[in-house]
């Protein structure tokens with residue numbers, strides 16, 4: 001009695017096997033990408049013994065470059081179409097206005113928390129830092145040419161938000177350039193005389209998409225379409241169809257990430273200098289940064305998620321895991337954007353009306369990892385150089401790190417440029433940023449991963465806070481079902497969140 005028959009045992013075993021295979025099939029992309037990173041670490045340790053040439057490393061990274069180009073190819077159509085689709089989903093743009101305000105408050109609030117956390121951790125860890133003796137500028141003069149301040153960064157952000165040419169916005173953005181002009185040169189400079197100079201500012205256009213400008217243009221255009229909805233139904237329908245086409249391309253391109261990330265991580269490991277020397281020099285700094293990023297993710301972001309959404313954050317993290325792994329591999333939140341869209345809408349069930357409006361905005365202004373890193377890096381370097389900092393300097397560093405991280409380019413290694421702005425805000429010698437530059441390539445990957453998590457958690461939190469607006473928008477589309485581009489299937493998708501299976 002109570003014993004199972006051989007047929008029952010066989011049936012249970014077959015059922016467990018099918019469940020395991022189904023789970024592996026569903027998570028195959030995630031497991032493949034993680035395996036690629038682990039294999040890259042092993043291969044990197046082995047191949048470093050052979051001292052490969054720079055050209056060989058260049059060839060190794062080439063498949064990763066192709067993967068990176070495939071993903072970045074979709075950034076502009078993805079940002080423009082998904083934002084316009086999201087705004088058009090909401091009735092008359094009223095709901096999108098509140099969602100936008102809530103998103104801004106969330107992103108700025110979490111960025112402030114990240115910067116303050118970085119400040120707190122580096123102050124607590126001050127006894128662990130070892131002052132460096134006689135740090136000269138030899139080999140570090142390359143950094144002395146960088147100048148700037150947080151106010152210039154904010155003004156550049158606002159300039160880019162209002163592009164002077166709509167058609168050039170996908171191709172270039174505006175930034176401030178600095179040039180030191182000698183006004184009057186003393187006769188005996190070699191004997192202690194001074195040189196009277198002034199830093200002149202000018203605006204230049206640099207290649208690269210102006211994402212903040214594209215977001216502003218897309219939101220305004222979509223709001224105008226909503227206002228004239230009766231006359232623009234066909235155009236709205238076309239925008240939503242094109243949005244689904246782009247997301248379908250994303251689902252195809254994502255399968256290139258395991259091989260691409262393997263090649264990128266392997267190439268970076270082979271390019272790294274003396275790892276043991278690097279660890280001895282800045283090991284404490286790396287430990288503080290990684291600890292801070294982990295605390296921000298596990299306490300601030302998941303805490304807000306639990307407080308507002310009231311669901312298990314581990315399930316949500318599991319859903320966005322492919323985006324986290326891709327962010328670590330590419331070190332670019334913009335390149336990860338297509339994967340993040342797929343994870344939120346397909347795996348996490350976030351309402352497309354929220355993700356398509358909030359996620360591109362977060363990619364531009366939500367740089368939690370960058371704010372934490374910049375505040376921490378400036379104070380850490382000041383400590384090891386025994387550079388005196390007053391209480392007002394600490395406050396300035398926090399404000400500068402927040403301001404410079406907002407709107408920073410979401411591309412690899414952009415954090416070093418914004419860190420320079422924080423250094424100059426308190427007069428810290430810019431050339432000493434070379435002390436931490438050797439590990440920036442690694443820490444940048446952790447920062448990007450936290451930035452992507454912040455964007456994703458933000459979408460879930462904002463969806464929970466704006467349920468009323470989403471319900472009103474769903475009711476609006478039900479009432480206009482007869483003469484709207486939204487059919488019953490699209491409306492059901494809107495209410496439940498996520499993209500219907502027929503859309504992908």
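From the backbone N, Cα and C atoms, a Cβ is placed for every residue, glycine too.
Taking TrEMBL as the reference, the stretch among 70-90, 133-153 described by the feature transmembrane segment is residues 70-90. Relative to the transmembrane segment (28-50), the listed stretch 245-270 leads the set 70-90, 204-225, 245-270, 282-307 in CB pairs under 8 A. Long-range contacts of the transmembrane segment (204-225) within the same chain: residues 75-76, 79-80, 83-88, 93, 96, 100, 157, 160-163, 166, 168-177, 232, 235-236, 239, 334, 357, 360-361, 363-365, 407, 409-411, each at least 6 residues beyond the stretch ends and with a Cβ under 8 Å from a Cβ of the stretch. Within the same chain, residues 284, 288, 291-292, 295-296, 300-301, 304, 357-358, 361-362, 365-369, 371-376, 379-380, 383, 394, 397-398, 401-402, 405-406, 454, 458, 461-462, 465-466 sit at least 6 positions outside the transmembrane segment (102-125) and bring their C-beta atoms closer than 8 Å to a C-beta of that stretch. For the transmembrane segment (70-90), the residues of the chain that approach it from at least six positions outside its boundaries are 96, 99, 170, 209, 211, 214-215, 217-219, 221-223, 225-226, 236, 239-240, 242-243, 246-247, 249-250, 253, 256-257, 330, 332, 334-339, 341, 352-357, 359-360, 363, 469-470, 473, 477, 494, judged by C-beta separation under 8 angstroms.
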